[in-house]
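What TrEMBL records for A:1-12 is compositional bias 'Polar residues'. The annotation region 'Disordered' is assigned in TrEMBL to A:1-38. Per TrEMBL, the feature transmembrane segment maps to A:45-64, A:103-129, A:141-162, A:168-184, A:191-217, A:237-260, A:272-290, A:302-322. Annotation source TrEMBL lists domain 'ABC transmembrane type-1' at A:104-318.
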Amino acid sequence: MLPAVPTSTTEAVTGADAAADPAPPARRRRTPSADRAPGPRRETLLAWGFLAPSIVVFTLFLLYPLGRTVYLSMHGNDIIGRPSRFVGLSHFQEMFSADFGKVLVVTALFTLGVVVPGAIGALAVVLLLESQVRAQRFFRSAFALPFAFSVASASVIFAVFYNPASGVLNGLLYQLGLGQVAWLTSTDMALISICLTTVWMNLGYGVLILAAGVGSIPREVNEAALLDGASGVRRAWYITVPLLGPQLFFLIVISTINALQGFGQIHILTQGGPVGSTTTLVYSIYQLAFAHGTSDFGRASAQALVLLLMVLICTAVQFGVIERKVHYS
Amino acid sequence: MTLRSRTAAVAAGASIALLLSACSTDDNGGGGGGASASDVPGAEVLDDLDQAVEVEFWHSMDSTNGQVLNGLIDEFNAANEGRVRVTGTFQGDYDTTLAQHRAAIQQGDTANLIMVYDLGTQFMIDSGQTVPAQAFVDKDEYDTGALEDALLNYFTVDGDLRSFPFNNSTPLMYINRDAFEEAGLDPDNPPKDLAEIREFAEALTITSDDGQVEQYGFGAAVYGWFVEQFMARAAVPYCDNGNGREGRAAEALFNDPKIVEVVEWWQSMIDDGLAVQIGRSTDDAQAAFTSGRAAMTLESTGSLGGFLEQSEFEVGAGYFPLVSSDDPGGSIIGGASLWINGEGHSQEEVRGSWEFVQHLLTAESQSVWHAGTGYLAVNTEGYDGPEAQERATEFPQFAVAAAQLADSETSVNTAGCMMGVMSDARVAAEEGWEAALTTNDSAEAALTRAKESLQRKIDEYNDSVG
């Protein structure tokens, strides 16, 4: 290939430079002094030395797996799960189908249904807490509590709530003389129920982040508005919310990425059902690679790359569009 | 970058080629179906050892079942000091254990003995890592006469026993005896087929004045295993080529009219308010039954212990229902069996594994196992053991499962389907069934579509094993 020549030339030039200026750096190396910077070669070596640990870690845990995923995505598997035949891009071609389209739609709905109510909910709680409530500390901790729950235990608790025959929620509706809801067993409700669970699980984190943000808003701004006679609602909407911009933005980015990767609650509550109505991209990947005795790592890897792309695009769009409107004080 | 990466690519390519060729030699020379009695080590290999041979046993038994199993392991180790030492490790549920096993095959580091669910049988045969159970039976002239026929029937392929049944169960119908009595029904005569369940459910369903259902007649999980059971009871095959036992199964048949009938019946029960709609979660179905919300349910024999413990009413058990009253009524089993890995293991380890399996299959061990877990006694003499007897006196319901098996004729239809992607098949059947209940599709259309979605997996599997 062409670029090979210039590269080696540059190397040769660098080498010549070093050779033309041999003695001083060598001496400096033996007697390092505080006022003189180390020679260029030594500096480079030192830089690589400092970089080495992170390069090794990144290569082992990010670059190698990524490369391996690309490799696997282009191969079919034997029954043990070993890549056994090259299939080119056919796993990607297969994705242009109604089935995979449905997975993408479910993923998008799930993400929206978690991120938007999650941000609004956390904001509402924080704004309410910010006004002079009694036992503010208690409520703040209480609302932040879901953060301490693991996905698994929260999901198990919600499974008890949603149980079609003996669930707490249907029991309540029954006491109130209302009809029963098929929380997890109808294709219309299942995704909503999963979103509800997830919003509740994420609420604590959102409250923590936004409460910290509220704490950092300068007191004078609010006092000035108060003197001007601004009501609580106006102050919340025109002062607190805009000044919370950076925290809200951070929360939206993080919860989008989390939603795109959400797994535990789906696995425990619905296993992607009924009829695929809660099968998000991550769950689809899991099903292909590990669930019920399959080892279709090829298709799973191909979908994993699509997921990577989606996270990248979402994050890029959020940084490109929303961040412009964020006011960093 | 370019030159180096090209070299790397070539090196990688070469190593992959090497790997692949290594794999294919493995497959050809693997211990698949070829092992005969003469290859199997006799007891003498365990004589005069410097130290006991270590046998690693991967299983999926936790909590109560795990404790009973550990008791049997300790018993064996104590009796075989200096010869064999078995270490049992819980690897997660059946799917996870099989996934670990796949990874272990890739790394050439399999356990000596592994518990694999019924659905994995064809895969275990195809992966060629194990010594067929028949070889041990032949070598030691081991008497399988006492082992449960239905189990031998399932795990025998091409005339050879492939693995040793161990933790097995069969589904039953459970009833709330108190509710039966209140409704004026005879709890000693539970319904036998779908039409009768509906009749009973009409009497059992209690609706309050404001139109809310307080007690449903029926409620069970949409569980793919039941499809297999309904088909066995109607004596229709689950897959082609004689349930995959005469030739490789190339097509699933769960869109059979019998299953269409079951699903349509199920739908009408829900529509008419006689059955509570429960999704695929068997936990939810169990809760519906034990909480008294559903008066009849379908579940494995393994759930009987839990039902007796958690219900405030008297629990009764009956045979799993027939689709229609003129069905011949076979019965299929579920659960797992034990496979002894030969590939990459010493003669001593293989022999040690087999001796441990023999210990698990004795009438004494099976009496303990059955009484402690509710699984079937694989060795039917186990039912006469003191522990099993004590349990049978206390809870006569335990006898129903054994009676259901004893009452059913074994045939190729009750042996179950041998298919490499059987686990996917069960899920596909379940999804078709669920789709019929939750969408506007007819039962036939939904089941047929599920069957078609499975086809690609069957074809790919069959292609890759040649």
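Cβ atoms are placed via backbone N, Cα and C, with glycine included.
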Problem set entry | Cβ pairs under 8 Å between the transmembrane segment (A:103-129) and the transmembrane segment (A:191-217), at least three | yes
For this session: Tally Cβ pairs under 8 Å between the transmembrane segment (A:237-260) and each listed stretch (A:141-162, A:191-217, A:272-290), then give the stretch with the top tally.
Result: A:191-217
Problem set entry | the transmembrane segment (A:302-322) versus listed stretches A:141-162, A:168-184, A:191-217, A:272-290: most Cβ pairs under 8 Å | A:272-290
Exercise. Residues sitting near the transmembrane segment (A:168-184): Cβ under 8 Å, six or more positions beyond its termini, same chain?
Worked result: 160-162, 190, 193, 269-270, 274
Seminar exercise, completed: Within the same chain, the residues 6 or more beyond the ends of the transmembrane segment (A:141-162) and with Cβ under 8 Å of it are 125, 129, 168-169, 183-184, 193, 196-197, 200-205, 207-208, 211, 263-265, 267-269
